[in-house]
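Peer 1: Sharing the record's features from Swiss-Prot:
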- 1-14: signal peptide (SIGNAL)
- 25-59: compositional bias 'Pro residues' (COMPBIAS)
- 25-211: region 'Disordered' (REGION)
- 82-93: compositional bias 'Pro residues' (COMPBIAS)
- 101-111: compositional bias 'Basic residues' (COMPBIAS)
- 127-139: compositional bias 'Basic residues' (COMPBIAS)
- 142-159: compositional bias 'Basic and acidic residues' (COMPBIAS)
- 167-177: compositional bias 'Basic and acidic residues' (COMPBIAS)
- 179-198: compositional bias 'Pro residues' (COMPBIAS)
């Protein structure tokens with residue numbers, strides 16, 4: 001007996017290739033524009049925190065170094081460390097290639113024929129022909145008119161000028177040293193011998209009793 005359940009046969013792969021599915025373009029849905037929601041900023045007061053006390057770090061005093069001038073010593077701080085020079089072997093250059101000398105034939109130059117110079121020593125100069133001077137008769141000049149000498153009247157007698165001796169230059173003052181006090185020459189002191197002991201003029205003579 002056939003039940004009331006209808007069994008549909010599943011489509012085969014051949015049916016799928018013969019009837020491909022219908023392609024539908026996607027439906028365009030415009031984007032929904034949502035205005036931005038403006039929210040005022042929330043004020044958060046600053047949190048006051050008391051300063052954290054950090055005790056000072058105790059550092060031991062650094063080692064005392066006297067100056068170089070006091071100790072008169074040489075330290076590495078003042079003078080660099082002496083390093084011996086680095087030995088660099090000499091660079092060996094190859095010997096130059098020996099090339100035989102190139103023979104150059106001498107250049108042939110034709111002999112130069114020096115023509116003798118024509119000078120006065122070889123050929124004397126020809127005499128220069130000068131024309132005869134033109135004879136010109138002397139020009140006759142009439143004698144000059146004789147003029148008697150003009151007598152000028154005697155000039156007035158002027159007295160001879162007073163003799164004035166020539167001006168001489170002022171003598172240069174003699175250079176004198178600065179003013180010094182006069183040197184006083186005093187006579188030598190008269191030396192008086194000392195009186196004998198006990199015969200001072202202010203003291204009476206002392207008698208020697210022999211005690």
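Note: Cβ is positioned from N, Cα and C throughout, glycine not excepted.
What you are looking at is a predicted structure, and each value in this text was computed from that prediction instead of being measured.
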Peer 1: Which numbers of helix, strand and coil residues does DSSP report for the compositional bias 'Pro residues' (25-59)?
Peer 2: 0 helix, 0 strand, 35 coil
Peer 1: For the compositional bias 'Basic and acidic residues' (167-177), DSSP counts of helix, strand and coil?
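Peer 2: Final tally across the stretch: 0 helix, 0 strand, 11 coil.
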Peer 1: Quick check on the compositional bias 'Basic residues' (127-139): DSSP residue counts for helix, strand, coil, in that order please.
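Peer 2: Output for the compositional bias 'Basic residues' (127-139) reads 0 helix, 0 strand, 13 coil.
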Peer 1: Give me the DSSP three-state residue breakdown of the compositional bias 'Pro residues' (82-93), ordered helix, strand, coil.
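Peer 2: Across the compositional bias 'Pro residues' (82-93), the residues distribute as 0 helix, 0 strand, 12 coil.
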